[in-house]
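J.: Provided herewith is a single structure, encoded as structure tokens, for subsequent inquiry.
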Amino acid sequence: MAAPLLHTRLPGDAAASSSAVKKLGASRTGISNMRALENDFFNSPPRKTVRFGGTVTEVLLKYKKGETNDFELLKNQLLDPDIKDDQIINWLLEFRSSIMYLTKDFEQLISIILRLPWLNRSQTVVEEYLAFLGNLVSAQTVFLRPCLSMIASHFVPPRVIIKEGDVDVSDSDDEDDNLPANFDTCHRALQIIARYVPSTPWFLMPILVEKFPFVRKSERTLECYVHNLLRISVYFPTLRHEILELIIEKLLKLDVNASRQGIEDAEETATQTCGGTDSTEGLFNMDEDEETEHETKAGPERLDQMVHPVAERLDILMSLVLSYMKDVCYVDGKVDNGKTKDLYRDLINIFDKLLLPTHASCHVQFFMFYLCSFKLGFAEAFLEHLWKKLQDPSNPAIIRQAAGNYIGSFLARAKFIPLITVKSCLDLLVNWLHIYLNNQDSGTKAFCDVALHGPFYSACQAVFYTFVFRHKQLLSGNLKEGLQYLQSLNFERIVMSQLNPLKICLPSVVNFFAAITNKYQLVFCYTIIERNNRQMLPVIRSTAGGDSVQICTNPLDTFFPFDPCVLKRSKKFIDPIYQVWEDMSAEELQEFKKPMKKDIVEDEDDDFLKGEVPQNDTVIGITPSSFDTHFRSPSSSVGSPPVLYMQPSPL
């Protein structure tokens, strides 16, 4: 069982919400105690403790003259694995009285001192060691980096390696109950050093980058390190932007190696395995009561665990970041506008640098989704930021298209965005689309081409996708006024244009958009859809003989950034503010059912579509290539609307 770690800092319990302030207060108290200890140490004569006689100062001076025997003996005594607390205290007292002589010539000696096992020792050892660090960096700044590196190395659990001969039979995290206290001490050490050397944060950041564990290290190692980085950002606020950027960069590396499909497959396989009968079950359960009790205690933790190993790491770290964000932005249960605005500035810059250019990341972007839920103003600022990215022709097309993807997904999925904001965004997008079409009417590029008009198609899809998710709200209340508003958007001109967005946008989006607009007689898309489907398809010769037909069902390379979160811990932050697809009632489905046409386009090899085909041959069902029970990115498979490929009834 892992030792408790997060109760000292991160939110989740009542005591933790103001932990940052309390932690700083405790640190200041510790520093005051340190000053008193230092005065006592300096005012009291050093105790003679060197076993070989003389003082450390004399040994150092002899070494400079070429007499190295005592110096080698000194090093050997410091390297003694059985060194006692009193010995460490006495050595540190000696070194503090000789601090002016510990120049760069004694780098090897300082390295040995910095490797002393000072944590998990008596409080006197800890306080004396902290005082030594403060004296060392103030008198010999050349050793600042080694001191910071030593402290950063303690931000992860120590490794316990057990060998049998020359073979490592165990290499695991040491789950010491003192781990949280050791982390507290290390943070005190950093703050003490910073008091002596104000430029400490500037030297610290490269070390934190260097010491970041490899992303395939254990979940516990990554959790501890990220936890400690977030704590550093509290008392070194100048480092917050760089620390958050570092963490999110590492999260992205995990994210791109844990696709939704892979996570879902792993969970499904595990569920099927657990649901089956295990022939070996109970074979080695010597004490059934003990086993049952163990499973009961471990139950809640195991329910939150991800089967996919990379997803497990990602989920733990994502939940840490989301907890940290809430802890920073909320003061006494209320959003602090100033603190939230500062954090928003940091995160939007990181979003532009890391997230927007990254294609098909699954979960990391939810940090922006969560932050925007704190107050509507931040959601509107995020939308405005994305809108500027989309319409700015100086931005690369891939960035503009990504901005369109984010706008559509955010408007559709963010439960905290009111209808008036949705309508304002639709007005902006649709007006821009009409202006774009105006500029193409007399041009030579007025034809369907993703390479030429990628941002246009991305904006179209954002409009269609938002409309599909929000059409009930747009038409609720006064149906007549709702229809008048939708008619004012003039979808027909966009759909009928020579740029032919219905050919480029995802079939799942197009077909549901067509069904809804047909129902309310806003625009009739089926003629265009049929014409697009009848166009000549590329035929590729198969090496095994015969011809094969391949269709690109996602020419826009679309993904929906805010598809449902499937990380179990992180979902708890997102679900309350997340708009899931509401399944249609039987009556609503009946309204959409149309006679089936026999010439529906065959399967289009797209793993976006995994829905069940209705068995009723008289009703148009799901074309396997265009829909599934989950209206999501092409790489996804769960969590959204069933999309029926509908054709108008024959006259």
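Placement of Cβ uses the backbone N, Cα and C atoms for every residue, glycine included.
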J.: Using Swiss-Prot as the reference, determine which range in 64-91, 260-287, 624-651 is annotated region 'Disordered'.
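T.: That would be 624-651, the stretch labelled region 'Disordered' in Swiss-Prot.
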J.: Hey, which of Thr200, Thr623 does Swiss-Prot call phosphothreonine?
T.: Thr200
J.: Pick from Ser27, Ser170: which does Swiss-Prot describe as phosphoserine?
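T.: Ser170, according to Swiss-Prot.
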J.: What number of additional C-beta atoms lies within 10 angstroms of the C-beta atom of Thr200 (phosphothreonine)?
T.: 21
J.: For Thr200 (phosphothreonine), what is the secondary structure by DSSP, using just helix, strand and coil?
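T.: Reduced to three states, the DSSP call for Thr200 (phosphothreonine) is helix.
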J.: Just to confirm my parser: what is the rounded mean pLDDT across the region 'Interaction with EIF3L' (557-651)?
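T.: Averaged over the region 'Interaction with EIF3L' (557-651), per-residue pLDDT gives 54.
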